[in-house]
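So that you can see what the record holds, here are the features copied from TrEMBL:
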- CYS485: active site, nucleophile (ACT_SITE)
- CYS304, ALA305, ALA306, PRO307, GLY308, GLY309, LYS310, ASP328, ASP355, ASP434: S-adenosyl-L-methionine binding site (BINDING)
- 210-566: domain 'SAM-dependent MTase RsmB/NOP-type' (DOMAIN)
Amino acid sequence: MVRKEISKMDGEGKESSAYGYRPKLVWETGVHKYLSQAYGSVQFDAICEALTRPCIDSTLRVNTLQASTQEVMEQLCKHLGADRQCSSSSPKFDVVDGAEGSVHLPVSDSGEGGCPKPEKAPGFSCSEHSLLKDVIMVRGRGPCEVDCGVEPDKPVKEVVVSRKCAEAVLRGANVFVPGVLACSLHVEKGDTVAVTVAVERPDENGGWSVGITRGTTLESEHALSQMGASSRSDHFIGVGRMSMSRTALFRESKGVAVEMSRRIFDLPPFHSVLAGRIFLQNLPSIVAVRVLDPKSGERILDMCAAPGGKTTAIGILMKNQGEIVALDRSHNKVLDIKRLADEMKLTCIQAYKLDATKCVDKELGMVMSADAPSQSEYTSSSNPVSTSSLSLYEVKAAARKEARKMKNRLASESVATQRIKGLQRQSFDRVLLDAPCSALGLRPRLFAGEETLESLRQHSCYQRKLFDQAVQLVRPGGILVYSTCTMNPGENEGVVRYALDTYDDLSLLPQEPRIGGPGLVGGRDVFDGMSCKEWLREGEEHLVQRFSPSESYDTIGFFIAKFAVA
């Protein structure tokens, strides 16, 4: 894969390494070795390169029950033309053929002194997908050459943000107050600032840390070097204008801190745009529902449905005729599914709170209760796990879990959610199992060190539990679709191998539409830290779809398998 780095030009036209977008994805050592062995080092390096960048094409699914694709296209083009701020220079693109396909790289159009020649940026382009007629593709731009825009001999004022905040900015968001870690001294409202990101790195305790605490002041070159400036200089994501002073920034708890004006990746925002008529969704997720091929009048189960994107896509393809049962074990996420269904005016969706690993009721079938969950479900354990032996990430994960429990408890006091004790066996025509996973295919991603070989194994075990439930719920002659958004073969091809070897009445089916590539064959010689597992066998690889971020279709990493139940 050929790559061009983006660097800042100094006043004499010489290239400077002070700011640029040159992130290198960091993995836990064992996981890096495992995935390099699974894909080959060249292909894995290309995947890592692609994961650090957002998808240039935004994919919008049209609610065809409310409007036609052409109507939405016209409204969308008008919106983008009216609201777009043409503030960044326009990159030109060359297509470079690499080992993993074609990539678009910016070509510098230099003026005097080697500085990029400014020109007005063209509007975003909208087009109908060639195979999916209810899908609109909106093309953004990037990586773009962005100058910090400061006067010569004046220091650059800088804002350092967290990794999660930076990943949102790369997808088109502004910088919000909770995401800011540090900034230069004497930053005032209206100042132009360079936005960089502090990414986790190994610490002295054998874990990971960013090395910066919230509220830090960037005062000097010495201070910058002490806090990893050499690393942050490779994580410049754009320029923005301060919406508040430094004093207010670390006093407030919410609000926009920096309004981005020029970005390394220029993608249009779609928040609250044509609500109920469009849904921003990754292309492979749309394909997974098309592969399920739901029909009007059928009874369909979406086992892990939140936030409801695939659930509503199923309802639209069914023309709101039939029954969709959507499950999630979180009270608030069930409410999210219901809100989205209401927004899209879909009445065929019934969302329930239920743990999908225990959803088959062998005796009672489906029994519903409209009572809110009991308080005891949300109280913390009387024997909490000691945090002394846990890593920083495990401690934070436990804290987030407790916060979610409290949030669910507060919500349950005001809103009742229908719950079910179980689902009757062989009661669904089709089942979609979009399983919770390690999410290693999501992009942009600036850090991946939180996953270990043990955590990947746990994901795979959890998915097999879900699959064991799913296969019991499909009627004979029905369809089961399994999907994930991870690049881990153990959670993809490994689960397919488990399914085919465990259940004699299952068989893989060809998929339509087919946009992704083949699956991985073999796996016996790839050590995942626990044991050597087998993936697909010869002839099976073309019956699944694997979406790789490094391929020319520019999507997240994703996997889809379709099974027939005899």
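Positions of Cβ are set from backbone N, Cα and C atoms, glycine also.
Geometry remark: GLY308 (S-adenosyl-L-methionine binding site) versus CYS485 (active site, nucleophile), CA distance 16 Å. Each residue contributes its Cα atom, and for ALA306 (S-adenosyl-L-methionine binding site) and CYS485 (active site, nucleophile) these two points are 14 Å apart. In this view, LYS310 (S-adenosyl-L-methionine binding site) is surrounded by 24 other Cβ atoms within 10 Å of its Cβ, with every protein chain counted. In this structure the residues listed as binding S-adenosyl-L-methionine are CYS304, ALA305, ALA306, PRO307, GLY308, GLY309, LYS310, ASP328, ASP355, ASP434; their two most distant Cα atoms lie 19 Å apart. CYS485 (active site, nucleophile) and CYS304 (S-adenosyl-L-methionine binding site) are 13 Å apart (CA-CA, integer value). Cα-Cα distance from CYS485 (active site, nucleophile) to LYS310 (S-adenosyl-L-methionine binding site): 13 Å (rounded to the nearest whole number).
In sequence order, ARG329 make up the list of same-chain residues 6 or more apart from ASP355 (S-adenosyl-L-methionine binding site) whose Cβ falls under 8 Å from its Cβ. Along the domain 'SAM-dependent MTase RsmB/NOP-type' (210-566), the predicted structure has mean pLDDT 85.
Of all the Cβ atoms in the protein chains shown, 27 others lie within 10 Å of the Cβ of GLY308 (S-adenosyl-L-methionine binding site).
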